[in-house]
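Trainee: Provided herewith is a single structure, encoded as structure tokens, for subsequent inquiry.
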Amino acid sequence: MREVNLAEEPLLKKEDAEEQQQETIREMGLTVAEWAVRVTMCAVFFCGVAIIALISTQISRETLVWLLEHLRAYPLGLTGAFLLLFGGPFLVLVIFAIISLAMSSSRNKTKAIKKKVRGRSSLQNQPIVVEGLLGVMSAAELLWIAVFMAIFTWIVVNYMIRDFHAAETEPREDYETVWGRKVKLEGVRLGFIGIICLNLLFLPVSRGSVLFRSIDIPFEHATKYHVWLGHFVMILFTLHGLFFIIPWYFEGHLIARLLSWEPYEIANLPGVIALVAGIMMWVTSLGWVRQKFFELFFYTHQLYIVFMVFMALHVGDFIFSIAFVGFFLFVFDRFLRFCQSRSTVGVLSVKLLPCGTYELVLAKPQGLKYHALSFVFINVPGISSLQWHPFSVSSSPYDGDDRLKVLIKPYGEWTHQLQDAVSAAVTRGPCPFGQQVAVEGPYGHESDYFLQYETLLMVAGGIGVSPFVAIIRDLLQRYQRQQNHLPTDVTLIWAVKKSEELQLLDLVSPSSICPQYDLKFNLKVHTFVTQEAEPVPLESGPQTTDRQQCDMFKKSRILSSLYDFEASKRPMSILVGTSSNLWVGMGLIASMLGYWFLENLVVYSYEGFYHHSYNTLPLWARGLFDIMSIILGVVCFGGSVIALWSIWYQFSKQKTEGDSKSTQPLLDADEDITTVANECGDQLVHPSNTQFGHRPDLKELFEACAKRQRAGGNVGVLVCGPETLQTSVAENCRSFNTTYYNTYKVGFSYHSVSFDL
């Protein structure tokens, strides 16, 4: 027997070596292909930037005039030329972004995190500006803003030089003055630049945008770019309007000009309506208005429909085509979200904590993947059919492939009404949840980027601990599965107002998920109760024992409803922009082809029926047909692909259920409330790591973390909480990356996981 084993051993080793070699070759091939795609995307991007930057020069103007003259005779001549010139690079980027996402999804993620982040923080994770109107800005963001403003200044200066000369030398109307002509010409240029920026404005608010996903910028981060661009675009459009209103006033025909609606020229009245709608959205989106009157901000922002429709009527089809790609991708993303949100999602169970915070466990299809830092939008039609609220996922994908958890703290009217429904559900016990729930998402990062750090420093305020609950659960599950290359030093700094909020971490039972977890990695929790000077005693009497001190952190039982297995039959829809790159890509291509088909159908139908060129159709009508073609192309042609996607998924689901013998989902380790730690040793929060009456000294905690690291190390700093907390954490990251770096030789990479809408 021993001789046989010795003879077989080299063969087995040879087969293992060949398999490992094939896997290495595959990984190398994927790496080379990904780099090739990214280099191509960079080249296309810079080509698009060059086109925009050079459009104001004389050479580009002559080339553009020559191109338009040759394409004018063809159907969609001007529209096609502008779409190709300004939208072509973006469309190519979309195609390569889908390819990049497809290759990334096929890569083994556990091998992609072997190389840990070392040394100084990257430009993207290095805070430079921590206070100001634009909030926290990284070095990379500041660099991009500088480049953006340099290009804008270049374009404006070029236009001013040329336009001022033209206003002084070219003939003008009798009622026009030289300065009035100059002002109006600059108003035209600002409006033109504004439409180019409008193309960019819609990209960040496409929640499943393939462009941002390909560079791993999640929606919650991209929203601040939408805010920045929104302010810039509305400044341009407001100046555009004023640069016409002021000269018209002095020329004596202000009202007549504002109310004019010329069929074959720029229609002024639709532009006025669009500008008024835009200003209303702009004013109500200002920080202090949005925070105090969120519903006013939310409902007023739906005026974007009025804004875009009347913008198309104002400028016509060929100018509106400049903003085609951004608006097209937004419409497609909005349609996907509409399809996903039509289905009612089952609530498997709910938990109500004594502090008022509650947890929803939502049914999820097994094919829909998410990460520990993902988030979802939730709608409860019984409360409001229009309001969608974002919530961080508080569970790990390893907690169960058929569920997803969110923690919600009641703040406004909507969350308080949902709390009433949760309270009724835990009171009824075995009865199902009394409210219908719709879900969009999940959205978020394309990978668990926090795994690339050996040390994690997580800072939370209040309910901001929710995503870090997900990270702790995820790390415990991964260590239990004996995965490699995981963070070995994890610290949670959590500040709350009242000690009753500390019960949020009682939802995590570390030893139930990963026995002896403290021998596998270092998990430290520092909690701070800011508005209490000392623990609130259970009752007056003699000095409390250690057991009673532990009980002070659990003043009453967490209430939980029974598991509703019927709800598992109503999981979230698979139709979401982050679910299948293949189906999303086919839907985008079908929608684009549908738009092109409908545009040509309108052109040939008009010319065949009226025997006139399509260019004789009023400009505003061509703009209206253009925006209708975008919407119908997405709904009809893209919708047919989405329908096939849904049919394919249902077929695959039935086949999977037929092969599976399981009749009901399994509960995860900490699903039942009876498994929540009853001993002080298994609590993440206990008297020895809780301080009362003051806020955390972040500098001291950062310094303690830096001293534990080896020289050249890099700490992943994640923060979730109010804006003041984000500012403090960013300021400490900046200090330790600059002033104190020579002392500790440790970098701190800043990541905000807060959702500021």
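Any Cβ shown, glycine's included, is placed from N, Cα and C.
Straight from TrEMBL, here's the annotation block:
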type     : residues : note
DOMAIN   : 340-449  : domain 'FAD-binding FR-type'
TRANSMEM : 35-56    : transmembrane segment
TRANSMEM : 76-102   : transmembrane segment
TRANSMEM : 142-161  : transmembrane segment
TRANSMEM : 188-206  : transmembrane segment
TRANSMEM : 227-249  : transmembrane segment
TRANSMEM : 269-289  : transmembrane segment
TRANSMEM : 319-336  : transmembrane segment
TRANSMEM : 456-476  : transmembrane segment
TRANSMEM : 574-598  : transmembrane segment
TRANSMEM : 627-648  : transmembrane segment
Trainee: How about long-range neighbours of the transmembrane segment (76-102): same chain, 6 or more residues beyond its ends, C-beta under 8 Å?
Mentor: 34, 37-38, 40-41, 44-45, 47-48, 51-52, 64, 67-68, 196, 199, 210-211, 213-214, 317-319, 321-322, 324-326, 329, 446, 581-582, 584-585, 588, 592, 599-600, 603, 614-615, 622, 626
Trainee: Any chance you could find the range in 35-56, 188-206, 227-249, 319-336, 574-598 with the most Cβ pairs under 8 Å to the transmembrane segment (269-289)?
Mentor: 227-249
Trainee: So what pLDDT does the domain 'FAD-binding FR-type' (340-449) average out to?
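Mentor: Per the prediction, mean pLDDT sits at 84 for the domain 'FAD-binding FR-type' (340-449).
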Trainee: By Cβ distance under 8 Å, which residues at least 6 away from the ends of the transmembrane segment (574-598) in the same chain are close to it?
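Mentor: Distal contacts: 91, 94-95, 98, 101-102, 105, 206-210, 213, 328-329, 332-333, 336-337, 339-340, 365, 367-369, 440-443, 628-630, 632-634, 636-638, 640-642, 645-646, 649.
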